[in-house]
Amino acid sequence: MPFSLLSLKAVSPEIFLVLLASFMVLVDRVVSSKSFFFWVALLGTALTWWLCREVVGSQFASYTADPYGFFLKTVFLLALFLSVLISPVYASRERFHFGEYYGLLFFAVCGMMFMASGTDLLVIYLGLELMSLSIYVLVALGWRDARSLEGALKYFLLGSLASAFLVMGLALIYGLAGTISLSEIARVLSIRTDLSVLTAIAFFLIALGFKVAMVPFHMWAPDAYEGAPTPVTAFMSVAAKAAGFAALGRVFLLAFAPAHPAWSQLLIPFAVLTMFAGNILAVVQTNIKRLLAYSSVAHAGYILLGIVAGTKEGLSAVMLYLLIYAFMNIGAFGVVVLLQKESGVGEDIFEYQGLAKLHPLPAFFMLLFLFSLTGIPPTAGFIGKFYLFRSVVHAGHTGLAVLAVLASVIAAYPYLRIVMLMYMKDPQREVSLAPSASLWVALTLSALGVILIGLYPGSLLTSALYSAF
């Protein structure tokens, strides 16, 4: 079939993102207005989502703009939108180059979108590398703080190792199946599932497990999350994790679906270990960014349950949870940014002591987000966990659901400890807030998302069920 520009329709959102990111990086030295880049980033994010919606149903080579991809792109772009809103006050204080900063965020999201919609392993791998390289640089943007460079270096070294595992898995699958197309791999695996196939699947599990911070491949997360600029931490904790699960869902539940009985048994101990290790390690943290990092590890364990289920219901629960997680986790990091009027301030959990008496509204926002992360009704976090655990029970893993509930009980301690400090202790010193209208908008939108999804989850659940395969 002859090539035409119309055939590029499916990838037009990605082309737009790359062009916009390149534009911002190129004019960074010429345009000094910070608000210019802020508004370009916000409007560009909204326009990209509109383009993604318009191209649903189209396909280009090894790329498909299907409902599954669109739902997850919505998660990526929501995370980007909220991260842009919480960034200006922090980026100004740390003297970021705004064009470079927003451009890297856009390049990272472009890679994520390829991970969500790629229909062969090479496209998914290239998307993963584009995302990873962009985030390595973003983590190091706070280079004035030694923790930022340390976190970026650890993330880069371990990320390179994960990429090597992915390439080895890709090469092994190609040698066994003679193709890198997901649908063709599924056809081959339906008639062949031997030790060499399971070895290739294990390589993919290690590589993608690193991206979602699955234990024991989570070692990079606490240092990278603590060292990265807080808006970057918020972005990567949601968007990069969602991209990893987007690839896990498409690769494992499409290409490796015939081998599900085998690899699900391999994944179960990792999921359980991830839930419990993340929550137990979060209990002893006093730095709120490290606490939320280990919390993020635990949430990866919950989300893995939907992959273990291996059903349409399980995948839809994964998708719904990722969307909910964007609101509650970026919201929590937004409150951290609000308290970081000065570099290094606002990270120790004891600095939140008596916050409700000094600043009731930020304390209420943090209370809401922490309740949602805990899974307390009627917040959105409860809805997300309920549908994840239900999908596991329906798949015949009742014991796994019981373990997940026990892990959630442990998770309550570090979250409620912060709530206790905010509401049941007297302030030890005056806490001033960073002045930022856009940050308040992000917190309000996140709070509304947590409340409204908790009360009215029906339409989003229907959309997730429709988009899953």
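Placement of Cβ uses the backbone N, Cα and C atoms for every residue, glycine included.
If you look up TrEMBL, you'll see 36-56, 68-91, 98-116, 122-143, 155-177, 197-220, 232-256, 262-284, 291-311, 360-383, 395-416, 437-456 (among others) marked as transmembrane segment. The domain 'NADH:quinone oxidoreductase/Mrp antiporter transmembrane' annotation in TrEMBL covers 119-410.
Within its own chain, the transmembrane segment (262-284) is flanked in space by residues 193, 198, 201-202, 205, 209, 213-216, 218, 252, 256, 291, 294-302, 304-305, 307-308, 310, 397, 400, 403-404, 407-408, 410-411, 413-414, which lie at least six positions past its ends and keep a Cβ under 8 Å from the stretch. Here the transmembrane segment (437-456) sits against the transmembrane segment (68-91); at least 3 CB pairs are under 8 Å, leaving out pairs fewer than 6 apart in sequence.
Same-chain neighbours of the transmembrane segment (360-383): 295, 299, 320, 324, 327-329, 331-332, 334-335, 338-339, 352, 408, 411-412, 415-416, 418-419, 422-423, 433, 443, 446-447, 449-455, 457, counting only residues six or more beyond its ends whose CB sits under 8 Å from a CB of the stretch. Long-range contacts of the transmembrane segment (291-311) within the same chain: residues 212-215, 218, 221-222, 224-226, 233, 237, 241, 245, 248-249, 252-253, 257, 260, 264, 267-268, 270-279, 281-282, 285, 317-318, 321-322, 325, 329, 332-333, 349, 373, 385, 388-389, 391-392, 394-395, 397, 400-401, 404, 407-408, 411, 414-415, 418, each at least 6 residues beyond the stretch ends and with a Cβ under 8 Å from a Cβ of the stretch.
A contact links the transmembrane segment (232-256) to the transmembrane segment (68-91), because at least 3 Cβ pairs that are 6 or more residues apart lie under 8 A. Non-local neighbours of the transmembrane segment (155-177) in the same chain are 121-122, 125, 128-129, 132, 135-136, 139, 184-185, 188-189, 192, 196-197, 199-204, 206-208, 210-211, 217, 219-220, 223-224, 255; each lies 6+ residues outside the stretch with a CB under 8 Å from one of its CB atoms.
Below 8 angstroms of C-beta separation, residues 128, 132, 151, 154-155, 158-159, 161-163, 165-166, 168-169, 172-173, 176, 189, 240-241, 243-245, 247-248, 251-252, 256, 259, 262-263, 266-267, 270-271, 273-274, 277-278, 296-297, 300-301, 303-304 of the same chain, each at least six residues beyond the ends of the transmembrane segment (197-220), sit close to that stretch. When Cβ-Cβ distances below 8 Å are used as the criterion, the transmembrane segment (395-416) is approached by residues 268, 271-272, 275-276, 279-280, 282-283, 285, 291, 295, 298, 301-302, 305, 308-311, 313-314, 370-371, 373-375, 385, 388-389 of the same chain, each at least six residues removed from its ends.
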